[in-house]
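Engineer: The following block contains the structure, expressed as structure tokens.
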């Protein structure tokens, strides 16, 4: 009997220890990323309007480089299996030189209000769009949307009107958003950090400070790719300020015994591991749909998490090289089957204008090297070693699982990290760049998630 008592007490102590540990918040990272030493004077916290402008000299230099590009003949019938096919790349470059109107796209980019503000020593660029009109007595809900690599704030241009003016797009007016889309430091028109160790926690801390500076004490967050990790970290840093976390991509960095067993047996006993039929379809056979995918699609990540500056120097010097590097991701990550096509299926989901606008943001800002460094800062210490990877997320979470995302994470795995998943949906179509590819599907999922959080007041029940 005494042994049983000790066992019960021991179990309770272990449970108490680990449950308290998991409720920890992630420390805010108050860094200084500007040049030189941090000044003793208070940082300028003013918010300045920003408008994109490109000088004629920059465009002349671009066209000169495009004219002088050297192309390598692809292997016969190789399509996009070896990367961007240069036969199709020639066509893209020809369109870029002769038909693409960058000045017109600059007007598109400038149609939404943009700003810059200095945070932790560097200029942070962001798009800030308020609703064109609000029903009487209704307030807009602040929504922070964070892009990833090799995307940019432009990914959200098609979804912004669906969220700031949903009624005009047949989505009702119960929830109307005020959307803030910052550029990750080192991406687009946000200044690159001048010091080492600027990782996802650093970015989350900067964006948290941005939202407070804009006057938002409570807000929603949404992200995929690097935005997934930054928004997750933000929810860990400030759970009392983040009302809800919506993600269109999730990953797990810690695989335990239960994961291993579900990999081995989940295909045959899905219910035993909490898998749904769609989980099984997307995950198995595991070697083909997970392991081989990781091996075939992670080469870029190994480069960028070890020696980003080496390949980055070449990409920063060659617009054609930059386009080849980025376009391949918009092909494979939209649908892996597009690798079987000579044109990579690029224009099946995107227009060349949209693809080239994103590339031009990298080119005119010269940010490709600093954007790639973000991988090294996040991965150089190893996977599963950082504090944020060991902490759970208690904030109400919604997950939109798109079928052509590179890797599928089932809810049964995700809920070990995100302990308060209130919405998990298998999306009918779409891939990695959801906001650009399927803006209406993503907007609807965000709206239903926020509706559930608001009606059930779930943000007030965090930690209960």
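Cβ coordinates come from backbone N, Cα and C, glycine included.
Annotations per TrEMBL:
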- 225: active site, nucleophile (ACT_SITE)
- 375: active site, proton donor (ACT_SITE)
- 432: active site, proton acceptor (ACT_SITE)
- 47-156: domain 'Epoxide hydrolase N-terminal' (DOMAIN)
- 1-19: signal peptide (SIGNAL)
Engineer: C-alpha of residue 225 (active site, nucleophile) to C-alpha of residue 432 (active site, proton acceptor): distance in Å?
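Structural biologist: Here the two Cα atoms are 8 Å apart.
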Engineer: Give, as a single whole number between 0 and 100, the mean pLDDT over the domain 'Epoxide hydrolase N-terminal' (47-156).
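Structural biologist: That region's mean pLDDT is 97.
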Engineer: By a simple count, how many Cβ atoms lie within 10 Å of the Cβ of the residue listed as 'active site, nucleophile', its own Cβ left out?
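Structural biologist: 24, counting other Cβ atoms within 10 Å of the residue listed as 'active site, nucleophile'.
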Engineer: Take the domain 'Epoxide hydrolase N-terminal' (47-156) and count its residues per DSSP category (helix H/G/I, strand E/B, coil), listing them in that order.
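Structural biologist: Once the DSSP states are binned, the domain 'Epoxide hydrolase N-terminal' (47-156) shows 37 helix, 24 strand, 49 coil.
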Engineer: Using the alpha carbons only, what distance in Å do you get between residue 375 (active site, proton donor) and residue 432 (active site, proton acceptor) once rounded?
Structural biologist: 17
Engineer: Sequence gap of 6 or more, C-beta under 8 Å: which same-chain residues meet both conditions with respect to residue 432 (active site, proton acceptor)?
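Structural biologist: Looking at Cβ-Cβ distances below 8 Å from residue 432 (active site, proton acceptor), excluding near sequence neighbours, one finds 224, 225, 249, 329, 333, 334, 402, 404, 405, 406.
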Engineer: When a 10 Å sphere is centred on the Cβ of the residue listed as 'active site, proton donor', how many other Cβ atoms does it contain?
Structural biologist: 20
